[in-house]
Amino acid sequence: MGFTLAIVGRPNVGKSTLFNRLVGRKLALVDDLPGVTRDRRIHDAKLYDLKFQVIDTAGLEEAANDSLEARMRAQTEAAISEADAVLFVIDAKAGITPADSTFAEAVRRSGKPVVLVANKAEARGSEAGMYDAFQLGLGEPCPISAEHGQGMPDLRDAIVELLGEERVFAEERQEEAADEVFTPAAVGALVGDDIEDPDAEEIPAYDATKPLRIAIVGRPNAGKSTLINTMLGEDRLLTGPEAGITRDSISADWEWHGRKIKLFDTAGMRRKARVQEKLEKLSVADSLRAIRFAEVVIIVLDATIPFEKQDLQIADLIIREGRAPVIAFNKWDLIEDRQMVLADLYEKTARLLPQVRGLRAVPISGERGQGIDKLMENVVKTHEIWNRRISTGRLNRWLEGVIAHQPPPAVSGRRLKVKYMTQVKTRPPGFVVSCSRPDAMPQSYVRYLINGLRETFDMPGVPIRLSLRTSDNPFAGRAKKKK
């Protein structure tokens, strides 16, 4: 990606709607309440023939230095300093407010090139707001409707004019574009399109050099953002005593011992009964999307109050989604009798989460940076197991021995016949067993096979899928017709 744009402006002018439009997916929370976005997030974006990175930010707000709003503003100021140019968004329908004027001055002081974006220009009465926008001193406003996708060709042209063609087009694009003429009508579908979807890929064999996607989840205030900030070595995510500070799922790039990592911090996931606000419901849905984007999910538990009902519900959700879980017992620096507490936590992990027997769990202190290398070693090992593939020959040699030792029980006086097994997928490992009467197979025997697979082929701590089907015998039943 050749350049970076920061989308900034006062709260509730449509910054996240524009962000979603450019990246092609609903990655940022959008609601009518001001201050929905609290952290800055970076993602690949596309606007016709322009490919770049875009930063969505918290609304610029005046606030006391020690308040949550002040920390949000600091995040936005950091985004401006990181970007090559700024898309300063105003609400053309509402017109220019004192907050717009104040923070337009802050953007001017940064010295960064600016495109003044007049959003909601499709609304009745927006013309007056458009004219008022000239008083901000940021140049001619570019009218758009981020919600409806109107004005995107004009925005594209404004960005190119601002930064220049040499800056906005990467070298490979310059070679490709030598014989091309840009026409928005011809490529009108290319706003936010063709951004690589992390989950829309063929499942490959395990590759230790491939970037690893990790989501970090847990109850509110378990220390998720503190852990990521420690990993990154910067205050990238908001932290503080207020529960539920993180509302969006925020991604950040990291490298651990040469391995490229994409981290997803998520909103704290509360019990449904406590999710009162519409906004918080949106946040939980956003966290679910982050889990689906991830490969390994680190479940952050507060070691001082672990394994509450909500912790187990989160773990169960991750397992049902087929992701590879790893537990981080955070705030370990607050534990006194560590050896006894750790033994108790391991026992509870095995007892409360038997569906992923052997689940890896590591004590850490996100605030002090203790145990992070050990945690990551377990994350990488779990990811490797999650990608494991076993040959059909090995599976069936094992299955033959299992049946000889413990055959399936007889049902209604008829013994069930198990014929063969094959692995049909990885991520998580999935197997199919061919047998005579799948509907009659007791679930206890299915669990017996899964536990045997886990132990024999060394697959602790990951979900294992096993399904049953009848043998594909085209001549089945013909013998009865013979006379």
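Backbone N, Cα and C atoms are what each Cβ position is placed from, and that goes for glycine too.
Taken from Swiss-Prot as is:
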| type | residues | note |
| --- | --- | --- |
| BINDING | 9-16, 56-60, 119-122 | GTP 1 binding site |
| BINDING | 218-225, 265-269, 330-333 | GTP 2 binding site |
| DOMAIN | 3-167 | domain 'EngA-type G 1' |
| DOMAIN | 212-387 | domain 'EngA-type G 2' |
| DOMAIN | 388-472 | domain 'KH-like' |
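Structural mapping of features recorded in Swiss-Prot.
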| residue | record | Cβ within 10 Å |
| --- | --- | --- |
| GLY9 | GTP 1 binding site | 27 |
| ASN12 | GTP 1 binding site | 18 |
| LYS15 | GTP 1 binding site | 30 |
| THR57 | GTP 1 binding site | 27 |
| ALA121 | GTP 1 binding site | 22 |
| GLY218 | GTP 2 binding site | 26 |
| ASN221 | GTP 2 binding site | 18 |
| LYS224 | GTP 2 binding site | 30 |
| TRP332 | GTP 2 binding site | 21 |
Query = Per DSSP, what is the residue tally for the domain 'KH-like' (388-472) in helix, strand and coil?
reply = 31 helix, 24 strand, 30 coil
Task = Rounded to the nearest Å, what's the C-alpha distance separating LYS224 (GTP 2 binding site) and THR57 (GTP 1 binding site)? Just drop the number here, would you?
result = 20
Query = Using C-alpha atoms, which one of the binding-site residues GLY218, ASN221, TRP332 comes nearest to ASN12 (GTP 1 binding site)?
reply = ASN221
Query = Rounded to the nearest angstrom, how far is the Cα of GLY218 (GTP 2 binding site) from the Cα of ALA121 (GTP 1 binding site)?
reply = 40
Key: Rounded inter-Cα distance in Å - GLY218 (GTP 2 binding site), THR57 (GTP 1 binding site)   = 23
Key: For ASN221 (GTP 2 binding site), the one of GLY9, LYS15, THR57 that lies nearest, given that the binding-site residues are compared by Cα   = THR57
